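Below is one structure; the comments refer to it alone.
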There are 6 protein chains.
Amino acid sequence: MNLLSLRPDGRSPAQMREVRITRHYTKHAEGSVLVEFGHTKVICTASVAERVPEFLRGQNQGWLTAEYGMLPRATHTRSEREAARGKQTGRTQEIQRLIGRALRAAFDLKKLGARTLHIDCDVIQADGGTRTASITGAFVAAYDAVTQLLLTQQIAQLPVIDWVAAVSVGMVQGVPVLDLNYDEDAKCGTDMNVVMTDQEGFVEIQGTAEGAVFSRIEMNQLLDLAQIGIADLIKKQKEALGLGIA
Amino acid sequence: MNLLSLRPDGRSPAQMREVRITRHYTKHAEGSVLVEFGHTKVICTASVAERVPEFLRGQNQGWLTAEYGMLPRATHTRSEREAARGKQTGRTQEIQRLIGRALRAAFDLKKLGARTLHIDCDVIQADGGTRTASITGAFVAAYDAVTQLLLTQQIAQLPVIDWVAAVSVGMVQGVPVLDLNYDEDAKCGTDMNVVMTDQEGFVEIQGTAEGAVFSRIEMNQLLDLAQIGIADLIKKQKEALGLGIA
Amino acid sequence: MNLLSLRPDGRSPAQMREVRITRHYTKHAEGSVLVEFGHTKVICTASVAERVPEFLRGQNQGWLTAEYGMLPRATHTRSEREAARGKQTGRTQEIQRLIGRALRAAFDLKKLGARTLHIDCDVIQADGGTRTASITGAFVAAYDAVTQLLLTQQIAQLPVIDWVAAVSVGMVQGVPVLDLNYDEDAKCGTDMNVVMTDQEGFVEIQGTAEGAVFSRIEMNQLLDLAQIGIADLIKKQKEALGLGIA
Amino acid sequence: MNLLSLRPDGRSPAQMREVRITRHYTKHAEGSVLVEFGHTKVICTASVAERVPEFLRGQNQGWLTAEYGMLPRATHTRSEREAARGKQTGRTQEIQRLIGRALRAAFDLKKLGARTLHIDCDVIQADGGTRTASITGAFVAAYDAVTQLLLTQQIAQLPVIDWVAAVSVGMVQGVPVLDLNYDEDAKCGTDMNVVMTDQEGFVEIQGTAEGAVFSRIEMNQLLDLAQIGIADLIKKQKEALGLGIA
Amino acid sequence: MNLLSLRPDGRSPAQMREVRITRHYTKHAEGSVLVEFGHTKVICTASVAERVPEFLRGQNQGWLTAEYGMLPRATHTRSEREAARGKQTGRTQEIQRLIGRALRAAFDLKKLGARTLHIDCDVIQADGGTRTASITGAFVAAYDAVTQLLLTQQIAQLPVIDWVAAVSVGMVQGVPVLDLNYDEDAKCGTDMNVVMTDQEGFVEIQGTAEGAVFSRIEMNQLLDLAQIGIADLIKKQKEALGLGIA
Amino acid sequence: MNLLSLRPDGRSPAQMREVRITRHYTKHAEGSVLVEFGHTKVICTASVAERVPEFLRGQNQGWLTAEYGMLPRATHTRSEREAARGKQTGRTQEIQRLIGRALRAAFDLKKLGARTLHIDCDVIQADGGTRTASITGAFVAAYDAVTQLLLTQQIAQLPVIDWVAAVSVGMVQGVPVLDLNYDEDAKCGTDMNVVMTDQEGFVEIQGTAEGAVFSRIEMNQLLDLAQIGIADLIKKQKEALGLGIA
């Protein structure tokens with residue numbers, strides 16, 4: 001196979017799309033980021049609320065929760081507005097639960113005090129990888145929000161445990177490729193979303209065979225690619241936060 | 001009163017905020033516009049669907065319908081996500097019905113064929129005037145969508161009847177002012193949203209006394225201001241569509 | 001045009017339908033009114049609750065909120081029961097929000113104490129003008145409810161600021177007419193609902209062009225008519241409350 | 001015990017409240033009845049729809065279904081509006097299913113053709129016995145609706161099998177009484193709703209012990225009373241329909 | 001008629017199906033019973049919660065409430081999952097309200113303290129009589145739950161007033177039969193569910209004519225049968241609880 | 001560490017709980033299985049419907065979809081009934097989507113014809129691993145259902161591609177263990193659910209760090225364990241289906 005023609009946008013198998021992280025994208029939220037993975041664009045905000053869910057009352061500990069949505073015409077054909085339909089789809093719920101788990105791994109909620117960080121990831125344009133872009137951007141928004149809590153002396157220490165980013169990998173025509181766009185995602189055999197930290201620790205792995213099962217060898221190839229992508233993304237997060245040199 | 005200090009952002013009473021209309025803002029929709037009235041930012045898309053609602057079946061006539069939403073953190077404090085809550089608020093429904101009526105006045109739905117134009121207005125940052133910005137931007141998005149139908153020979157004639165834009169006016173400390181931002185809106189006595197055409201025809205007037213009733217004289221002052229704003233907005237719409245010279 | 005044949009029921013353009021306001025229509029509510037605008041019949045009740053919404057807790061101030069409904073067969077063809085359908089339509093929400101705003105303009109909620117006035121307007125027969133009849137009747141029901149609070153010494157002063165009534169006006173075949181019934185409403189070009197006080201102050205104006213835009217001159221003609229209707233309605237309200245002589 | 005003081009309104013144990021059946025109460029429905037059992041007032045309408053539910057498609061047979069509701073302030077204290085709450089209570093569903101079963105027993109749905117009779121029972125004032133008043137009034141409304149179908153030659157025969165009415169009976173302080181009002185219902189030990197035909201056939205019996213169980217003897221006493229009440233109600237139905245002499 | 005061939009499973013008219021009551025069926029609930037009426041199988045659990053509904057706060061009194069459900073494929077053809085559909089059917093609500101009323105008649109809620117007994121009846125296989133099996137099994141589960149409260153000294157006295165069981169009876173081809181299975185239920189003219197105590201007291205009677213009305217004589221025949229069935233069921237309950245000898 | 005005391009139930013790290021698969025558990029479904037992983041018990045049914053979802057119409061191809069639920073008291077403390085609450089939780093939706101994807105990998109839906117296999121997994125007792133037990137049991141139920149289609153000559157070939165089972169693995173106190181029960185799941189650092197085929201192909205991997213991230217080495221250890229468990233489970237599936245010898 002000619003690897004040059006493998007990917008519709010001419011990327012090499014291990015090449016990420018262009019990633020852009022724009023902080024302070026909207027003005028009200030404590031943290032607000034526009035994250036772009038190629039044509040995929042997600043607004044990620046982090047909002048601080050001075051309360052915690054019922055199950056954490058009186059424990060002087062914080063919480064982080066995430067919600068995810070897509071504008072109806074973020075996609076090729078218009079999808080029904082979930083608010084009009086009256087409920088979120090299973091896909092939406094699955095994604096927002098993933099974002100929440102991924103982000104909770106990055107923050108020390110005990111140091112947050114009795115506060116909730118609300119993460120909102122809203123896709124304004126979709127081209128594959130909306131959940132991985134969401135996690136990557138939301139980390140930066142949350143970082144900004146907790147930094148502001150520190151600067152205003154509402155907390156004593158930055159409650160950041162680790163850097164967290166996410167990327168998709170998949171088998172396209174038998175070749176492992178990094179950061180699938182929509183066209184690749186639609187035709188790939190195996191699709192895996194990987195959430196990792198700066199130290200190459202895994203936070204979450206979700207791999208799904210679509211059409212054909214995958215072998216242990218293929219999984220290892222995919223994870224190798226994912227590590228490359230994650231390292232690149234965390235570098236981008238650090239640059240965006242002005243912490244790139246360290 | 002010192003009129004110079006009347007408005008928090010230093011505008012004169014008859015001065016609009018800076019208005020920007022960015023076409024082709026997202027790539028999938030037939031029409032896609034980012035409209036900004038100062039800090040208020042709304043993504044307006046127009047999507048073409050090859051079907052009509054039940055009540056229009058078999059009449060070879062089109063329909064236009066609108067939906068409105070706000071990202072949870074478009075506002076000063078985070079508001080609950082309507083999709084998670086399971087229903088749209090009364091305010092949302094009121095606004096999207098207004099947008100739909102306003103836009104239907106601008107298009108000849110008979111010339112559209114058996115198609116529906118779905119208008120989606122999603123506020124990504126709110127600072128007052130989200131419904132008037134939505135109408136103003138959505139008109140341009142819908143114009144782009146029907147132009148594309150014409151260019152691809154799906155329709156024979158441009159089904160545009162008139163230009164439509166909307167602006168808010170209100171009494172602030174007894175002075176009629178144009179295009180209220182959030183702070184002004186919160187403290188104004190009377191708030192009026194006016195939808196007009198290029199020919200100074202009224203499409204919709206919604207005036208509400210909040211706190212004190214308003215007189216016929218005050219209403220006339222407000223409508224004078226609204227006409228100034230509408231003329232300005234339609235000029236901006238024409239420029240955005242490259243039709244400014246005519 | 002022969003004005004005599006303009007209106008299906010033979011009224012002159014500036015003539016209201018017969019208006020009847022029957023107090024104490026049902027026995028449990030603190031205020032209970034059957035209001036009739038011709039064949040349109042609405043039961044309006046005002047209920048006093050010894051609590052306020054969350055956002056007013058601890059402020060020793062009251063609130064007034066309104067709900068609106070239609071019996072399924074109040075209309076020509078049966079409409080779906082909103083309770084069975086599981087949600088209120090956008091139209092219902094728009095109307096009940098209008099009723100609430102209109103009534104709040106008439107009462108001093110600070111003098112009400114930490115109480116809520118629940119207004120319920122239920123249409124038992126519809127023939128156009130259900131929202132204007134609702135506002136006109138609900139004012140009387142609310143007046144009765146607060147009077148009872150005064151008589152039982154639960155409040156020290158009658159918290160009534162002004163009299164409020166509402167009427168519709170519209171352009172039918174180019175002629176401005178007052179108080180549209182269903183047939184007129186269905187075919188009229190412009191439809192305007194006007195809420196005013198006894199002192200000719202505007203509380204709310206909602207004008208909508210349906211089919212053709214309306215001019216400033218037409219709007220003024222409509223408002224002239226509305227003022228005639230409002231004066232008539234407030235006279236009827238005073239008579240119903242036995243305050244007609246003043 | 002002094003039977004004279006047993007019932008709050010001075011009735012003897014076997015005495016019904018005053019029953020009034022007003023036909024043509026609202027103007028749009030094919031059948032429309034205001035039924036009053038003392039202070040309990042219910043609007044019952046019967047609407048004809050030219051379609052049947054899915055499970056009866058293509059069988060040239062009709063259907064009858066019922067819905068029930070209460071205005072929020074039909075009761076002593078305001079109850080939440082089911083349409084605003086987003087669902088019907090279990091009580092409402094239980095009652096509307098009972099009304100439907102009771103009425104279906106009275107009509108030959110095969111003779112109705114492929115039509116649905118929608119029965120709507122809306123309580124505007126409640127004082128006990130709303131479900132029995134609903135059934136009694138709804139029968140008359142449905143009778144009117146099918147008579148109109150016959151008179152307009154849409155059906156060939158009146159599809160009425162039998163007369164159906166309903167009444168409540170209960171044990172109050174050990175005494176069986178007929179047609180309980182709200183106060184009696186609240187304190188009675190056993191409450192039974194009985195639906196019967198003109199020929200003393202039972203359509204439905206629902207007896208509930210509240211507080212103390214009831215014996216077979218007591219049940220027989222209650223059924224004796226119910227038969228008295230039903231005979232009286234069917235006489236009232238016939239008078240209302242101008243069929244009293246037969 | 002040949003009574004031998006009357007019932008599809010060869011039972012005589014007054015013969016119950018085989019009834020089995022298996023305690024401790026699942027391990028977490030305070031009371032857990034699998035009840036079988038022939039092929040009808042229901043898991044009944046009783047759960048103790050240390051709180052009461054709003055309307056009982058501060059009265060040192062308990063509450064008992066019941067919920068009912070069916071696995072989607074408990075029935076001949078798969079029925080829609082109520083949780084996926086987003087609401088319980090009217091039938092479900094009617095049944096769970098019946099179970100709650102029946103069980104509340106058997107327990108002295110004052111002796112329960114400020115606790116709620118949650119009864120859950122989930123049908124895993126349906127063959128008619130699911131509501132009567134539910135009541136019969138739920139009594140045993142609730143008995144186990146309150147016994148455990150007594151043994152752990154959380155309450156001072158067993159709050160059991162009486163034994164309660166339920167059975168269905170019906171007219172099949174003019175013959176009164178006991179404990180209808182699905183096939184009999186589908187074709188029977190009258191269907192009656194009877195809830196009784198050990199002392200032959202009636203707790204609830206719900207009789208419905210389906211197709212043809214029933215006479216007083218038939219009702220008495222049905223009640224005679226029901227008493228036979230109830231006596232048998234309460235014997236089974238006592239045996240299951242090891243209280244059979246008394 | 002003493003490995004003997006590592007697991008609360010005394011299992012060795014690589015030891016599954018006792019697994020039981022009971023076919024024909026309920027009588028109506030085309031496939032019906034009770035699957036037990038130790039104390040975890042799930043009823044899995046497969047129902048055949050002669051229709052397909054909208055997106056597959058006219059393609060002569062089948063579909064398989066899954067739903068999941070828990071009886072309210074399957075758990076240590078009673079959880080709210082989803083049908084009463086009015087919606088499924090995010091967890092439920094996530095699990096039922098997983099079951100659907102896993103099972104679709106095992107069947108050739110083209111050979112199924114225009115039919116839908118509805119899989120229902122209802123947990124009657126939960127002790128960890130409900131989703132893996134569900135997948136393992138549902139495969140057998142679906143196998144039975146398609147076998148019946150073959151035997152009744154509704155399809156020409158058995159549409160089974162592969163055997164599919166699922167198991168959980170996790171790091172408990174730094175030791176990789178197989179098939180976690182509830183207590184282990186609650187305290188484990190990393191939890192991974194693995195769905196595999198008979199041929200050691202991966203269908204789905206979902207690994208989540210809870211508390212601490214996991215390394216690539218740990219992941220490999222977990223996958224080694226999972227393969228052991230899957231082989232055991234597929235052996236059990238074959239035995240249950242009487243295909244154990246092959």
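Glycine is treated like the rest: Cβ placed from N, Cα and C.
Whatever TrEMBL says is automated annotation, not expert-curated.
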Per TrEMBL, member of A:Arg85, A:Arg91, A:Arg104 binding phosphate alongside A:Gly129, A:Thr130, A:Arg131: A:Arg91
DSSP-derived structure type at A:Gly129 (phosphate binding site), helix or strand or else coil: coil
Extent of the phosphate binding site in Å [max Cα distance among A:Arg91, A:Gly129, A:Thr130, A:Arg131]: 13
Among A:Arg91, A:Arg131, the most crowded of the binding-site residues [Cβ within 10 Å]: A:Arg131
Environment of A:Arg91, A:Gly129, A:Thr130, A:Arg131, the listed phosphate site - residues of the same chain whose CB lies within 8 A of the CB centroid: A:Tyr68, A:Ile95, A:Val123, A:Ala126, A:Gly128, A:Thr132, A:Ala133, A:Ser134
Under 8 Å by Cβ from A:Thr130 (phosphate binding site), counting only residues of that chain that are 6 or more apart: A:Thr40, A:Val42, A:Met70, A:Ile95, A:Cys121, A:Val123
